[in-house]
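Here is the structure we will look at.
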Amino acid sequence: MAGCAASLSDFLFAYDTPRIVLIRSRKVGLINRGVQLVILTYVIGWVFIWEKGYQEIDSVVSSTTTKVKGVALTNTSDLGLRIWDVADCVIPAQQENSLFVMTNMITTLDQRQGTCAELPSAKTECKSDDDCPFSSSDVHSSGVTTGRCVNYNAHVKTCEVMAWCPVENDLYVPRPALLKATENFTILVKNHIWYPKFNFTKRNVLPNINTSYLNSCNYDAKTNPYCPIFRLGQIVESAGQNFQQMAVKGGIMGIQIKWNCNLDLAASHCLPKYSFRRLDNQDLSHTVSPGYNFRFAKFYKDANGTEIRTLIKAYGIRFDIIVFGKAGKFDIFPTMVNVGSGLALFGVTTVLCDIIVLYFMKKRFYYREKKYKYVEDYEQVILQMSKLKQRALNHLPRITQLVSV
């Protein structure tokens, strides 16, 4: 209990003040200067030169538009010889920071509202009407059952459904992709950026690019790194993928535009950097529902006024345009903050050297004695001295008497 009281008293009524002790030791001196050099290198090299800690930072605000060009030719038993242009392949015509290019498809022509045999499967195959419930449907069916079992072909019977007939058969995806020629389509990406803090704007169609150059250039990381026109096949190849394989079932590609600008330099030094990667999952051990596809229909009417549609299951590549980056410009506030932080780090040197001197060196007890000095309260010292003096005066007659004897 007394020990706890003493510790509490020391905590409340004692004060520590630094004491400067000059230790002449080569080992400690070298450690001290070495740590200071490391901290100085970190502050100057990393904080100020690499991270530009003297700058105010702002994040990019971006707007992007795209334009696709190209023509493809197909020759199939269903559609015959046909030309596909951008209006056919880019669905929809405009999206926000994204676009979809159809590369493959399953087409079901001349569908009409009526009744027909459902696509064969474990749930839809039947032998009699008893196997087909009436007015039943689920998310995987093509329509609503009528309760009848009808011939799908000469060998298989399935439950009849009220649906758009004939129902789609998407069991077999065309290989190679029907629109494999889209590999040579091009995308013009127009990207406008803005840094609000500095009111700085720029676009990726640089001032030195003229109409003649824009009509003839294609992006190349080495020869044309600032051309904003990209060939689809080159985008996929730059991400380490094979376009013709990807075109069969589709996928998602990312076009990344990085704007890192040092606004202490001229605006001409603020340039975009392009990179590409595939964004959808390509885990070979998990291949359920790969690629990217969706359905859409084109509606029209025959001579009798009956509504007819062509159903298209479109496979293709979606290109997501991802813009990121930051800009920096000199500002006194972050400069002073980082200078102050750097100076504060030099305190680590003293702490580290004190630990080495006081706990790990052979003469640690000697150094500890020189490092710490305990001083009592001045008033208490005077009071104790007065008591000692009074006690000595009280014993003086007895001492005199003993001396005379």
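Note that Cβ sites are derived from N, Cα and C of the backbone, with glycine treated the same way.
Curation does not apply to TrEMBL; its annotations are automatic.
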### Of the candidates Cys116, Cys126, the one sharing a disulfide with Cys149 in TrEMBL
Cys126
### Task
Can you sort out which of Cys159, Cys165, Cys217 is the disulfide partner TrEMBL gives for Cys116?
Cys165
### Query
Should any of the disulfide-bonded residues Cys132, Cys159, Cys165 have a Cα within 10 Å of the Cα of Cys149 (disulfide bond), which are they?
Cys132, Cys159
### Query
Can you tell which of the binding-site residues Val68, Thr186, Asn293, Phe294, Lys313 lies nearest to Cys165 (disulfide bond) in space, using Cα positions?
Lys313
### Cα-Cα distance linking Asn293 (ATP binding site) and Cys217 (disulfide bond), given in Å to the nearest integer
31
### Task
Could you check which of the recorded positions (Val68, Cys126, Cys227, Asn293, Arg295) sits closest to Cys159 (disulfide bond), going Cα to Cα?
Cys126
